[in-house]
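Asker: Features from Swiss-Prot:
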- Ser2: N-acetylserine (MOD_RES)
- Ser20: phosphoserine (MOD_RES)
- Ser38: phosphoserine (MOD_RES)
- Ser56: phosphoserine (MOD_RES)
- Ser60: phosphoserine (MOD_RES)
- Ser63: phosphoserine (MOD_RES)
- 81-90: compositional bias 'Polar residues' (COMPBIAS)
- 81-109: region 'Disordered' (REGION)
- Ser128: phosphoserine (MOD_RES)
- Ser192: phosphoserine (MOD_RES)
- Ser213: phosphoserine (MOD_RES)
- Ser220: phosphoserine (MOD_RES)
- 294-401: domain 'Rhodanese' (DOMAIN)
- Cys350: active site (ACT_SITE)
- Ser445: phosphoserine (MOD_RES)
Amino acid sequence: MSTGPIPPASEEGSFVSAPSFRSKQRKILHLLLERNTSFTIRSDFPESPKDKLHDSANLSILSGGTPKCCLDLSNLSSGEMSASPLTTSADLEDNGSLDSSGPLDRQLTGKDFHQDLMKGIPVQLLCSTPNAMNHGHRKKIAKRSTSAHKENINTSLKALEWEAPRTPRFRKMPGGPLTSPLCELEMKHLGSPITTVPKLSQNVKLEDQERISEDPMECSLGDQDAKGLSLRKMVPLCDMNAIQMEEEESGSELLIGDFSKVCVLPTVPGKHPDLKYISPDTVAALLSGKFQSVIERFYIIDCRYPYEYLGGHILGALNLHSQKELHEFFLRKPVVPLDIQKRVIIVFLCEFSSERGPRMCRSLREKDRALNQYPALYYPELYILKGGYRDFFPEYMELCDPQSYCPMLHQDHQAELLSWRSQSKAQEGERQLQGQIALLVKGASPQ
């Protein structure tokens, strides 16, 4: 057992490995010794890792070279790569596997470059996970597949080309060392399989990155699917009443007044949406008996003044130009069909079927409603002849008696026109007064 002083373990390791290392790469050792000298001489370290990498990036660009003392390339020939972190100079001296293939006289300006490089790059290696290479490979494939649809990608996320695995260790690491372009340049120069590194914007924090999807397209499509599903769920809840009202309104256009059956005659659009219009062809078919299998009795009410009616009217039409006469004719003794499967219909017309005919039709319906309990009616099926007698006469003159047409404003009947107008206005005023009195009585009666 030797009695001499035992040298420290670090010195002994250096003594054993130094000769073999100097015999292989003397100049590389000189470069490493120069780096160790920079460790001892410099005492004021940068304040943050971000500032260190910023200085390192500038030195790398000015020198035109790339340091090659951070990655183990001994297994590149077999397609594998060692991801063990190299954090101390002792580890580099022990394995000695970083070989430089460039010129040996290439020097980097700045003595603190190696210190910054060794403090910046290992952070990335420590943050990596075993599937980091596969993750980067998947991102490269996704970028190639979506390169043809760049206009669909949000421009605010273009700075995020690759996102590191979200492990707890990664979230705790500062974002400064990952923002330097030095690592990407070095990996590309060395031919490392890890050719894509994160380029995070300075304004984006790591906590915010956790809420961003790896693929902006996937995020937007997922959001759209979720929104579409929520909308499909919300529509029946919010618009159910509106949809039902629309269906009822569209269906009510085809139903008769008591909503029990569909209109037996084909209807056409008219001036007043609340009324049902039929064409002159339908009236002609009605007169010829084409609907007798479903209609037991029909009435054609000519609402024009008597001189107009006598000047020419539809065969079988009744001249009832006042509401009082109309109510007495139909409501004093309502007409009920003998066959419950058949119907009783009423067709109203005037010269143009614009004012007088629709007004008489509404008057009969209002009075009928008042005499029955909703929705029951004596006469649920009322129609208006579209275009009136003026449109019917030229097409079906043979169905008119006499075969002539006397307009309301005929110059030979001016006095009669004034007389009938005054009477109709008086009757209309009396009807409105009676309606107001009925409302007052209804409001004053106890509930």
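Cβ coordinates are placed from backbone N, Cα and C, and glycine is handled just like the others.
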Asker: Within the domain 'Rhodanese' (294-401), what mean pLDDT does the predicted structure show?
Answerer: 96
Asker: With Cβ-Cβ distance below 8 Å and at least 6 positions apart along the chain, what are the contacts of the residue listed as 'active site'? List them in sequence order.
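Answerer: Listed in sequence order, they are Asp302, Cys303, Arg304, Arg356, Gly357, Gly388, Tyr389.
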Asker: Reduced to three states, what secondary structure does DSSP give the residue listed as 'active site'?
Answerer: coil
